[in-house]
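Asker: Got a structure for you, written out below as structure tokens; questions coming shortly.
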Amino acid sequence: MMGRDYALYFFAALGSFLVVYIVLPIVTIFAKQALDFEMLVKTVHDPLVLEALRNSLLTATATALISLFFGVPLGYILARKDFRGKNFVQAIIDVPVVIPHSVVGIMLLVTFSNAILDSYKGIIAAMLFVSAPFAINSARDGFLAVDEKLEHVARTLGASRIRTFFSISLPMALPSIASGGIMAWARSMSEVGAILIVAYYPKTAQILVMEYFNNYGLRASRPISVMLMLISLSIFVFLRWLIGRVRE
């Protein structure tokens, strides 16, 4: 028993390295910005910054909704049907995870050219490519967790497949689907590389941070980073808390 306890302490010590590694930069940037509050106030009143934040929030939200609209049906098919090429389809879904995001931007630009160049469509297209796997995989996992016998009973009692989907499958898988939507939104909010190539304009907050850093240095880019983190983390934590309450 004692050996197992020591092993747990050892694993906790090893794992805590990553926790500290993640938390330390977050705490540090907030602490240093608090010492330069005047710059933060100036940035909060910068119309360009506010517009960039609005662009990021709107496009990320639109991307998450589009990911769910197309990803939920695909997730249901992957969870419920075996078909030739299914493993290939699942592999394709995960491809965006391994492609460098600057390459994603080049691919989209080569494919769609001026149709998405420097536009909201381009921003959403870039975000969608990198975030869709989260929505699809979460939906698939959610439907896999639903007992298929419940669907069969409903079908036996005369319910159509579409009615069974909306009355049984979808409500029971909803927490997982919502989690996927949140992750798709968060991934969209953090995207830079693909957007940089496809749609430098209209500027998102992610691009503006990079631009301010290149042109004006760390002090100018830090408050925008803090604002973007505050907004993103607040929304992310709230949505995760909401999903947790629904699961309870």
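Glycine residues also receive a Cβ, built from the backbone N, Cα and C atoms like all the rest.
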Asker: Are Leu144 and Arg245 on one side of the membrane according to Swiss-Prot?
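Answerer: Going by Swiss-Prot, Leu144 and Arg245 are on the same face of the membrane.
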Asker: Tally Cβ pairs under 8 Å between the transmembrane segment (116-136) and each listed stretch (10-30, 57-77, 165-185), then give the stretch with the top tally.
Answerer: 57-77
